[in-house]
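According to Swiss-Prot, the features are:
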SIGNAL    1-15  signal peptide
DOMAIN    16-167  domain 'MRH'
TOPO_DOM  16-184  topological domain 'Lumenal'
DISULFID  Cys18-Cys57  disulfide bond
DISULFID  Cys68-Cys75  disulfide bond
DISULFID  Cys135-Cys165  disulfide bond
TRANSMEM  185-205  transmembrane segment
TOPO_DOM  206-259  topological domain 'Cytoplasmic'
Amino acid sequence: MWFPILTWLVATAVALDCSAKDLDSYNFALLQGTHAVESVKDTPPSTTKTTWYFGICESVSSKKAPACPKNVDICGVTEVKVDKDYIVTQVVGFNSNLEKKYTPVESKNENGIKISYKGANWGSSLVNAEVYYICAEDKDGDDTFTVESWDDEMLFAQVKSKAACVTSKDDKKKPKKPEDNGESWGWFTWIFIFMVLFLSIYIIGGAWFQYNKGNAIDFQSALREVLENFVDLVRGLPSFIREIIEKVTGSNRGEYSAV
């Protein structure tokens, strides 16, 4: 039970982190969210549409990209339309827990940073990706995402944005809280999980104790007895709580009258 929970925590904790030390000189919070690049090609007798999604500061949103797997930084979806409807024929995902390599881009014409992904599982193949984030001082909110090439092995993409320019800490925009895609667990869910675990341990442990003491013919009878006692306890809770409230309120009224 705990292994899936730990796996989920690891997968969600290592998405493209805008507060990573390697990105400290940039302002990637300006790009936070899911961005899409779409291309349509006429492939008679069909039409092929390819959409690449990029999740910045958070994984790709399942609401904006329902065909993509969960917890991916980059996702490519290929759809083919023969008559009226598009059919998904190919999905490529670069999982958020892949190790990322950050390489500064410094040349006479361009500055920024390159983020590399290596060894993403795609069927029986391993695929790689390199995304170049290039500084564009003149772009204020009008960022450009471009897919340079994809050959079923290597993805090259480029993002021109003000976010890729070296920025002082005072000028940085703080990352907003990631969009809840229904993939995150709130405090209520954790309380529910621990309650279920506690009740399971209480019921099974109590039945085992009764059985070992010899108070029950078999384990099933012991389990039934513990369940009946638990149901009686739950039924008696409202009366118990009401009695406590009446005593407390009655005590307060008595003190007030004495004064």
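Start at 1 and count along the chain as shown; that gives each residue its number.
Each Cβ is built from the backbone N, Cα and C atoms, and glycine gets one as well.
In the three-state DSSP classification, Cys57 (disulfide bond) falls within coil. If you take the Cα of Cys135 (disulfide bond) and the Cα of Cys18 (disulfide bond), they are about 16 angstrom apart, rounded to a whole number.
Mean per-residue pLDDT, taken over the topological domain 'Lumenal' (16-184), amounts to 89. Cys57 (disulfide bond) sits 15 Å from Cys75 (disulfide bond), taking the C-alpha atoms as the reference points. Here the disulfide-bonded residues are Cys57, Cys68, Cys165, and the one ringed by the most other CB atoms within 10 angstroms is Cys68.
Checked against Cys18 (disulfide bond), the disulfide-bonded residues Cys68, Cys75, Cys165 differ in C-alpha distance, with Cys165 being the nearest. Across the structure, Cys75 (disulfide bond) and Cys165 (disulfide bond) are spaced 25 Å apart at their Cα atoms. For the recorded site, Cys75 (disulfide bond), the DSSP three-state label reads strand. Reported as a whole number, the C-alpha separation between Cys165 (disulfide bond) and Cys68 (disulfide bond) equals 30 Å.
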